[in-house]
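Below is one structure; the comments refer to it alone.
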Amino acid sequence: VCPRGQRTDDNKICRECVGSPDRYDWLYLGFMAMLPLVLHWFFIEWYSGKKSSSAVLQHLTALLECSAAAVVTLLVSDPVGSLHIRSCRVKKLSDWYTMLYNPSPDYITTVHCTHEAVYPLYTIVFIYYAFCLVLMMLLRPLLVKKIACGLGRSDRFKSIYAALYFFPILTVLQAVGGGLLYYAFPYIILVLSLVTLAVYMSASEVEFFKDLLVRKKRLVVLFSHWLLHAYGIISISKLDKLEQDLPLLALVPAPALFYLMTAKYTEPSRILSEGGNGH
């Protein structure tokens, strides 16, 4: 077993991690950092109600919490006091699950050689979630108590209660599926952003471009999904060849435009009426 911050080389000798995360590693860490922020925003919006004026301030507070947690996590990581981190290169999926490869030389005694071969991509996420939770418990209750005047007493803290549920879920997700997420997160971003955009537009009854311009909130949601689309495309392409990869970003508005152009043909009432006329 290697000490933390080291991993074995080709000769099975522990070597210190002296490299830096590559672009894909930073994109993965960015994805894991976005998960609690997006969930915060979703539950704040879900429980804030239409007449509550506190939602915007709560959104900003959640952004402040997650941003501060990310900066503090980088500062306490090795080298301490710097926003740069040293890491070991991820070579294959099994690097994430060294606990599954403990040898049994005599088939009786198991030699425990578990260590963080992908240092610090596995544990740094747990540290970040811990700081997010601490900062949320320090800042959010005081803010909500003062400004959530549009909500009932029992509703104003529901977004905080929701966070107390999803943080353990995210922790287990990282513990069990960290390696799978590392390789699959670009495609997860694209699929989820497409599905959520379609669901939001359908629930909001957005059928034409003018429907988006009526309410600024719809435009904010649309641009947020476009940013997620762009993040997913960049994560897949890694922007290794700019002349080939940058034009792919032109596809970002395509799903929303396709929805707006075809929504009028899939209106349920129109389908039912035409079906009735056909019979």
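We count from 1, first residue shown onward.
Even glycines carry a Cβ here, placed using N, Cα and C.
Automated prediction, rather than curation, is the source of TrEMBL annotations.
Since this is a predicted model, take the numbers as computed values, not measurements.
Taken straight from TrEMBL:
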TRANSMEM  26-44  transmembrane segment
TRANSMEM  119-139  transmembrane segment
TRANSMEM  160-181  transmembrane segment
TRANSMEM  187-206  transmembrane segment
TRANSMEM  218-234  transmembrane segment
TRANSMEM  246-263  transmembrane segment
(message) At a C-beta cut-off of under 8 Å, are there same-chain residues at least 6 beyond the transmembrane segment (160-181) that contact it? List them, or none.
(response) 28, 31-32, 35-36, 39-40, 43, 46-47, 93-97, 118, 121-122, 125-126, 129, 132-133, 136-137, 140-141, 144, 188
(request) Take the transmembrane segment (187-206) and find every residue of the same chain, 6 or more past its ends, with a Cβ under 8 Å from one of its Cβ atoms. (result) 31, 181, 212, 218, 221-222, 225, 228-229, 231-233, 235-236, 255-256, 259-260, 263
(message) Give the nonlocal contacts of the transmembrane segment (218-234) in its own chain as ranges (CB under 8 Å, at least six residues past its ends).
(response) 27, 30-31, 186-187, 189-190, 192-194, 196-197, 200, 204, 206, 211-212, 245, 248-249, 251-253, 255-256
